[in-house]
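Reviewing the structure listed below.
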């Protein structure tokens, strides 16, 4: 698929006082993209659309260039100690995505230009924990790879972490646009993960993302560039024929990764879950979705901040975990399963 290009761009005035802000302003001006001003990346008004659904879809192709003022990093367990905030929002239209509710009324994509401030804060966290390793997740609230061909913020983060003694970087993507990252000086300190799923899930619930085959071609490229490789199987979803669907996923993964060094391969396994607010938003934004959001079939699990979520019942969740682990053991016997949640 073609790399993401926004249809509309907003700038905070302060963003233009940073080199990246100036560079992006010149780039989008040359591309002929409409540019507007906003007082804050948190308060973007005037996104076009006659209905809420139309405004939502237009917001997904709107980029906001701003300054990150909150420099206290969120926790990102179990993936990493901290989430490093390079961007917020995503151009994809995955029906199940938790950003549907965490970003709520702000589904536009935000990128932050004060990278030196962000990296300085990351260095403080690294120094506090040294000599322990400190891991940073760069894709907690965005698919950073999908927009990085425009900003190169992720590339700078890879090289910043690559130069540290005790920092490590990780991120996950559904996009194939990795070429500009292949020559980054990562020094083996970045784990590049791809989100994969059964054909059913990708075909029905992941519009606006790269195909499975394109993701795998990109995975071969990044492995060839010496990055540590990982796969996030998420969300693991019990559709009709799911056992066969996920078997074919791992079988095809093994086939397409033949000849790649998989000595340090990782898998992360995340079952499908949703909240009541998410269900409302998903059904509003994707009224024809085939996603099964029937609470009566699920177990209610309390989460952080008192917000509960619906996950599979214990027996079904165990069956999912055991099945995935058995497929991984068969096709990738030396891989590490980092967690199932």
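Cβ from N, Cα, C; glycine included.
Annotation comment: Swiss-Prot describes 217-234 as DNA-binding region. Sequence-distant contacts of the DNA-binding region (217-234) (same chain, at least 6 residues past either end, Cβ-Cβ under 8 Å): 170, 172, 175-179, 181-184, 186, 188, 190-197, 210, 246, 249, 253, 256-257, 260-262, 264-270, 324, 338.
What Swiss-Prot lists as [4Fe-4S] cluster binding site is 90, 94, 97. Its own atom aside, the Cβ of residue 90 ([4Fe-4S] cluster binding site) has 26 Cβ atoms within 10 angstroms in the protein chains shown.
As annotated by Swiss-Prot, domain 'Radical SAM core' applies to 76-304, with the evidence given as sequence analysis.
Using a 10 Å Cβ-Cβ cutoff, residue 97 ([4Fe-4S] cluster binding site) registers 18 neighbours. For residue 94 ([4Fe-4S] cluster binding site), the same-chain residues that are 6 or more apart in sequence and have a Cβ closer than 8 Å to its Cβ are 174, 205, 206, 207, 208, 209.
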